[in-house]
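S.K.: The structure under discussion is supplied below as structure tokens; questions concerning it will follow.
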Amino acid sequence: MEFAELIKTPRADNVVLHRPFYLAVEGTLCLTGHHLIFSSRRQDNAEELWLLHSNIDSIEKRFVGSLGTIIIKCKDLRIIQLDIPGMEECLNIASSIEALSTLDSVTLMYPFFYRPMFEIVEDGWRSFLPDQEFELLSSVTDEWRLSCINKEFCVCPSYPPVVVVPKSIDDEALRKVAMFRHGSRFPVLSYYHKKNGMVMMRSSQPLTGTNGRRCKEDEKLINATLRPGKRGYIIDTRSLNVAQQARAKGGGFEQEAHYPQWRRIHKCIERFNILQESLIKLVEACNDQSHNMDRWLSKLEASNWLTHIKEILTAACLAAQCIDREGASVLVHGTEGTDSTLQVTSLAQIILDPRCRTIRGFESLVVREWLQAGHPFQQRCAQSAYSNSKQKLEAPVFLLFLDCVWQILRQFPCSFEFNEQFLIMLFEHAYASQFGTFLGNNENERSKLKLPQKTMSLWSWVNRSEELSKFQNPLFEANSLVIWPSVAPQSLQLWEGVFLRWNRPSKFLDEAHEEMINIIKYNKELQAKVNALRRQLAEMETDDRMQENL
Amino acid sequence: VENVRLLDRLSSRKAALGTLYLTATHVIFVENVSETRKETWVLHSQISSIEKQATTATGCPLLIRCKNFQVIQLVIPQERDCHDVYISLIRLARPVKYEELYCFSFNPKLDKEEREQGWKLVDLNEEYNRMGIPNNYWQISDINRDYGVCDSYPTELYVPKSATAHIIVGSSKFRSRRRFPALSYYCKDNNASICRSSQPLSGFSARCLEDEQMLQAIRKANPGSDFIYVVDTRPKLNAMANRAAGKGYENEDNYSNIKFQFIGIENIHVMRNSLQKMLEVCELKSPSMSDFLWGLENSGWLKHIKAIMDAGIFIAKAVAEEGVSVLVHCSDGWDRTAQVCSVASLLLDPYYRTMKGFMVLVEKDWVSFGHKFNHRYGNLDGDPKEISPVMDQFIECVWQLMEQFPCAFEFNERFLIHIQHHIYSCQFGNFLCNSQKERRELKIQERTYSLWAHLWKNRANYLNPLYRSDHGQTQGTLRPQMAPCNFLYKFWSGMYNRFEKGLHPRQSVTDYLMAVKEETQQLEEELEVLGERLANLQKSQLNDDKVKSKQQDRSKQLGLSTSDNSLANTPQEYSNDLKSFPSRSPSQGDEEDSALILTQDNLKSSDPDLSANSDQESGVEDLSCRSPSGGGCLPSEDSGKDSDEAVYLAV
């Protein structure tokens, strides 16, 4: 297919762009296969706006006489308005945008066409390979092994080719366990807590069904992670009720009788359309410019967004607490083990593991616990808060995770190497990107699409010093401790950087951030100067002394 | 009383056993645990209510709520003891004479001269001079020198030059409690001013020539404008109801060239109830997000804060952008009027956003103009209906502005919290009584100390590291977003949940940056010293003359500070065996602060955080109570009922 077929009017002049907190600008609008480009013709202040079609969530058109107006709502929650003279041009442009922003085929997406303009220092596709991660693990314990059982994705389509499992469990047993778990997602290692050797595993629900089926290998597998005489916790991310209902559909939960060494805790984390609706309501409230103080709070409350944040964080803290405080191993699962499960396991690691609070470590966490673990990004992030179509698969699961990280970052502003911008950047790229990293729903699909060969990795771009400097937290001082966030309502806040980003003036906050950076920069400069002088003095003094001795 | 248990509000499982002491000024709880001997001090004047609850098997519970939002729950083993404590506290918390208040016995070991110096720190005449007054339009009037015209006004007032004594007296007779229009703020760039008064006694049709002349005189004092705004800060309905009582508001037809404007700020009773409702939300035990947000909205508190801010913004805009003078009043002109005038001044003039300037502002718009501190904050036993968080609201407005303009204020959140504390503490004389007249009669300045001097002495603790006097944000008028950006107003947990340290961010950006700045200063000094030594050494090498520098040791010491800092930032670990405490933590600063004012009788009295909770590790313990620490009690769905197991577990 040629994109040109979809573009009936590639260019329109005298278009006026409206954005909140900016003066309206007049300029030229161009459509290309992947971008909407607006450039102002003002000589003093040439300005260009590039918008990926895939970033567009929905568009609306309006006409007053022959002046058409297109309102574009983006997945990054920005809303812009374009006034386009000429009804035909406007209609053409609107229909082109609509078509180009809803392309069916993944291979038509921009990452397959994007050619990087920067020098590639490190191929991001090879930055976080499972073998490297396993090497780190095997330096502290020999109780685990890498299994290639899922080579060619034949056992579990949503798992990566290699997974980490207890050494004592052979591949044959794994195959049996896979049959007993929803979507074949058998329990695998998610995190090893060096401090006390406790582990966190994740899986999907067991297929016990109504007649209480059991699987000896499954029991053996998870028991293999327990120390003699110790007990573990199973954190089920569904309410007991939901878990019981799942039995009717062949799913279920671990029966105490069959797993006597494990205690099950149910923490209810919502999924799918409940989350999507929550996002839609929240963004609606944030964009509503008319309400008074009271209605704002009640709308914030009615969106339930912060309630979801609280639930997810609480479950993650609980998992971390079981591991670090109780000295117990933990298995986390919900139904499929691709959404709430990953929220819990990845957040627990941020709480427990200082490495996950560094930039590199966090990237590695996103790769391990989200991309390789098979979170279906393409389905979940197909639409954002402005979508009209009611599809069942969209849900802001990853955004909720990032929001939870931001909440912890806010409570521990000096313990993270990255800043808020880094999290916002990940949110943007999960929904629309020039990079192939978040395309596809799992490693299987990514390998079929040949993404590593045909597209650029987000990490190749981010991990260059020019980009990294934007994402570094000036307050960071490495902190090797476990960090326990507060989950009280008073401690949780709306993530303004994302939800109010486009409708609040940020000048004063930006200035404050700049000031912060300057204070620290000046301090570092002085330290360097003092050290240099000290060294110089020391040298001169030794010279002196040598002369003296002569 | 011995064997008293102090309960932790977040978890009933964790209670500290100790001894309760009642002194003339404080309630003191000392924990039995020998190595920490954690002490909790509460000033009697901070106690807002005491509740004796039904006796249980373990003892008799006593709930003490404080005006600085601390809630203390004690369990006393013997019912009789509990009753005695209860009766004593009721008496002690409600003194009837000013002489019983703490400031008359508080002695920070300063000599007479220092005390006098302290009171001179804030000088209002100097402040009016700073504004450029007296000048061609404004003059000082001594008409109230014996409080003869208005007993709630100060002796020295600034009025338009063209307002004769006859006009002033005439106008005062036409105003509630004779609070005639007087100058609050003058903008020397454009001659626009903010004046304040009480409501006119207009009833349905009364008028007063002198009052009309008075407003005319205010207008004339600003030649650049042909009208003035008259801002009535009450809701229109309230103002109209007042007409029936012979009071009311200005009729535009009777006054030439005024534009009249209502700004609906609710009265003290609505505000008192609103705060009460919000505090109930803060006190909820493990509330859900919905409970909290719904309760917060239902209290209406943030709506009221916004109304006050909007009024201030309106006035600041009129003065700065339109160059029009404004007369502000409410009913008596000592609550809402004080709030609104001071918010507007703060927006208009960068000076009031400095530490010294803020003290001046409070002294000007609140203390001197007769805000009824004693009645509003219940220092002496009085009518509970007079109590209202008027000043608390102003302080919160400042905090909300600090959130929106992080570089604009010289002082930090702690400064505001400590001022709030001392409005109620009665430890310093500044906020005693209801008017200047009463304070003079009591000879407050000779018998008590000034809070401002105390805060000024410890100013290093109250600095905002992001403030720079040459920063763009510190210049000129602050222009906050008006409606509809309601999301800009946030719940201030640092104030209303200030004793629940577990709820706050565990690392303070402010403290971190202050430490960095301090280190920077040390580095600057060291750089200078090293530079000198280098120069000397180079010279001495030339002269082949060896001079051993004595400064070597010193520089080594300074060098250590670098590594100190990285260590200091170690955040709280929530295990109980933690002994060290991060030196950058805020409570540490408070301890130092309070150490400066130890009293002779070794009453470690005065500083808010210390008197409340002297234990440094409280932040640590707060959280450790959230983890089911041992006991072999495994959390599971079966133990879900036992919600104290861990906050994370609460279903």
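Our numbering is plain: 1 for the first residue shown, then up by one each step along the chain.
Each Cβ is built from the backbone N, Cα and C atoms, and glycine gets one as well.
As listed in TrEMBL for this protein:
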ACT_SITE  B:Cys330  active site, phosphocysteine intermediate
BINDING   B:Asn267, B:Ile268, B:Cys330, B:Ser331, B:Asp332, B:Gly333, B:Trp334, B:Asp335, B:Arg336  substrate binding site
COILED    B:513-540  coiled coil
COMPBIAS  B:542-556  compositional bias 'Basic and acidic residues'
COMPBIAS  B:558-588  compositional bias 'Polar residues'
DOMAIN    B:118-496  domain 'Myotubularin phosphatase'
S.K.: If you measure every Cα to Cα distance among B:Asn267, B:Ile268, B:Cys330, B:Ser331, B:Asp332, B:Gly333, B:Trp334, B:Asp335, B:Arg336, the residues said to bind substrate, what is the biggest one in Å?
M.R.: 12
S.K.: Could you list the residues of the same chain, at least six apart in sequence, whose Cβ is under 8 A from the Cβ of B:Asp332 (substrate binding site)?
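M.R.: Once residues fewer than 6 apart are set aside, B:Asp332 (substrate binding site) is near B:Ser176, B:Arg177, B:Arg179, B:Ser198, B:Gln199.
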S.K.: How many neighbouring Cβ atoms, not counting its own, are there within 10 Å of the Cβ of B:Trp334 (substrate binding site)?
M.R.: 26
S.K.: Including all protein chains displayed, how many Cβ atoms other than that of the residue listed as 'active site, phosphocysteine intermediate' lie within 10 Å of its Cβ?
M.R.: 28
S.K.: Restricting to the coiled coil (B:513-540), what is the model's mean pLDDT?
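M.R.: Mean model confidence (pLDDT) across the coiled coil (B:513-540) is 90.
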S.K.: Mind giving me a neighbour count for B:Arg336 (substrate binding site)? Other Cβ atoms within 10 Å of its Cβ, every protein chain shown.
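M.R.: Step by step: centre on the Cβ of B:Arg336 (substrate binding site), count other Cβ atoms within 10 Å, giving 27.
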S.K.: Identify all same-chain residues not among B:Asn267, B:Ile268, B:Cys330, B:Ser331, B:Asp332, B:Gly333, B:Trp334, B:Asp335, B:Arg336 whose C-beta atom falls within 8 angstroms of the centroid of the substrate site's C-beta atoms; report them in sequence order.
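M.R.: Residues close to the substrate site, other than B:Asn267, B:Ile268, B:Cys330, B:Ser331, B:Asp332, B:Gly333, B:Trp334, B:Asp335, B:Arg336: B:Thr233, B:Arg234, B:Thr337.
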S.K.: With every protein chain in view, what's the tally of Cβ atoms within 10 Å of the Cβ of B:Asn267 (substrate binding site), excluding that atom itself?
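M.R.: Around the Cβ of B:Asn267 (substrate binding site), 15 other Cβ atoms lie within 10 Å.
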S.K.: For B:Asp332 (substrate binding site), what is the secondary structure state per DSSP, taken as helix, strand or coil?
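M.R.: Where B:Asp332 (substrate binding site) sits, the three-state DSSP reduction gives coil.
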S.K.: Would you kindly give the Cα-Cα distance separating B:Cys330 (active site, phosphocysteine intermediate) and B:Arg336 (substrate binding site), rounded to the nearest Å?
M.R.: 6
S.K.: What does DSSP assign B:Asn267 (substrate binding site), in three states?
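M.R.: Going by the DSSP assignment, B:Asn267 (substrate binding site) belongs to neither helix nor strand, so it counts as coil.
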S.K.: Give me the Cα-Cα distance between the residue listed as 'active site, phosphocysteine intermediate' and B:Asn267 (substrate binding site), rounded to a whole Å.
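M.R.: Computed Cα spacing between the residue listed as 'active site, phosphocysteine intermediate' and B:Asn267 (substrate binding site) is 9 Å.
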